[in-house]
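Here's the structure, in structure tokens; my notes come after.
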Amino acid sequence: MSAQNNGGQPGNGQAARAEAQRLFGAFQNWGAVPIEAAILQPAGTLLDLYGEDIRARAYVTHDPVQGEMMLRPDFTVPVVQTHMAGGAEPARYCYMGEVFRKQEGAGGARASEYLQVGYEVFDRANPQRADAEVFALFARLLSGRALRPSIGDIGILRAAVNGLPTSDLRRAALMRHLWRPQRFRALLERFAGRAPLPEARAALLARLQAGERVESAAPQIGLRSGAEVEARLTKLLSDAQTPHIPGALVDRVEALLNVADKAPKALAQMRAHAGDMPWIAPSLDLLEQRLAALAALGIDVDALDFEASYGRTTLEYYDGFVFGFSADGREDLPPVASGGRFDALTTVLGQGSSIPAVGGVVRPALLVELEGGA
Amino acid sequence: MSLDQRVKIGVPSKGRLMEKTFDWFSARGITMRRTGAEREYSGAVDGLEGVDLVLLSASEIPRELAAGRIHFGVTGTDLVREKLADWRAQLEVMAELGFGHADLIIAVPEAWVDVETLDDLDAVAAAFRQDHGFRLRIATKYHRLVREFLRANGVADYQLVDSQGATEGTIRNLTAEAVADITSTGETLRANHLKILNTAPVLRSQATLYRSLSADWSGASADILAHLRERVAG
């Protein structure tokens, strides 16, 4: 039909596989233990993690016994599960194999089946040093290519939200939508009292505030009970009494989200924002330690791009350091390599236990394409 | 294309949609009629040389157009957008026919006095997941359209459950908490104690004449296309 599959040749065939083998071998030489993951993954876990959006990205199929399954959209989830089920500590893993993602938006131009080579570190000792180790390893394996590395830190954004002087309810709403920049911004503006309430909400609040009993003559149907409706009305009423977040502070948060500069300059700018948001200072200290660890491993941090919002729009689970290597001047391509820290994912999949974890993947087919070998 | 190859136009095979489509073409000097016995799905076209009428289920017309097995087809906007990814690359809109109007909307129980907007739906979905341990279920047959719409509007913590018919009943039957469905008057929704969210609909749909970009347009079919364009414009 379209050019999506090149007649069964995933990505760019042999050249990509050779490149993948080179990277896979390099990760093993570095001490990583190769790990396998089934191509068919239970859909339940992935749906629970990512929500309905994953259906637009992953191929769903059905097994008569195991129920709904997905063609592996990434390795991180099965690797974390394998490790949490009894891996040694600390652990370093690597993997190589196809992942499958629908490419609807891209007009069918991007491969929907492609190789990924990845490396993941599970280590409690010194997270900043582990972050630096992963980045430096990727930088070394990708050196000599025309790639532009960028880093970010979701941990700083989380710290900024967590410290905001407002209700738990509002902080939770912001945290939940950290991954949806437009929605996040709309919420911030509303919590600052700078965006009007929707008319219907304003009318409802007016009735509640007048002490009116708001109910419907319609029968109660469905699983959501009358008590749940009541509980939300109570929440709305108390939320309406929550004082606004000062506008100047919201401006600071928005400025923080827009920080993009060479890493040391970006850090200095964020230190300036921390004057009004002292609660982000500890997360900035961690960034500073990470930059020092990177410099100690030979990374030129003065030339490294830092973007505060980096990694915010991906369908991912990163909650700290994030990084990517992108082809310069090829905004049409996804990053050739990307990764980050996913401590929270180990908690979600760990059934009671958790461990700091960081890692990343390379897409060898993109490397080959950029070299003109496609 | 050989000389005797003909251009195919797909039209919904029954009901008001078929009759109104026939009326629409008739007003433009093209007469369509069913042939054979009353229950036989065959038809003929007069007033446009070299064109065959193919009677199909409206829901199959998008797929037939995309595959290039029919040259033209009349079906609802909703079906094309739901069934075809990147539909603009596959079809061209020849004309909107001005009937078969319906909106794809999201509806919740009328008893949910705390829910009017998508923001409310999102907040309720978050609370519902906490209270019940699973994501709020929205019953629909328009998976792609609804998912894209909810993503664009920042609604999370929901899941879509498939419902191919009697969707309004799913809430009472406890298989969904909300529905996303096509409605023209909202009567069925009201009868089932549901209310439409106070936002723009997911999609406004109407009967539309589409052209397949992948069908064989060589030879005589190019002339037929030019001819039909004139009629449609007039």
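Note that Cβ sites are derived from N, Cα and C of the backbone, with glycine treated the same way.
As written in TrEMBL, here are the features:
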| type | residues | note |
| --- | --- | --- |
| BINDING | A:D74, A:F75, A:T76, A:R101, A:Q116, A:E120, A:R312, A:Y317, A:Y318 | L-histidine binding site |
| DOMAIN | A:20-364 | domain 'Aminoacyl-transfer RNA synthetases class-II family profile' |
Item checked: DSSP-derived structure type at A:Q116 (L-histidine binding site), helix or strand or else coil -> strand
Item checked: CB within-chain contacts under 8 A for A:D74 (L-histidine binding site), separation at least 6 -> A:V99, A:Q116, A:V361
Check: Can you count the other CB atoms that lie within 10 A of the CB of A:Q116 (L-histidine binding site)?
Finding: 21
Item checked: In the chain carrying A:Y318 (L-histidine binding site), residues 6 or more apart in sequence that have Cβ under 8 angstroms from it -> A:I154, A:G311, A:G340, A:R341, A:F342
Note to self: With every protein chain in view, what's the tally of Cβ atoms within 10 Å of the Cβ of A:T76 (L-histidine binding site), excluding that atom itself?
What the structure shows: 25
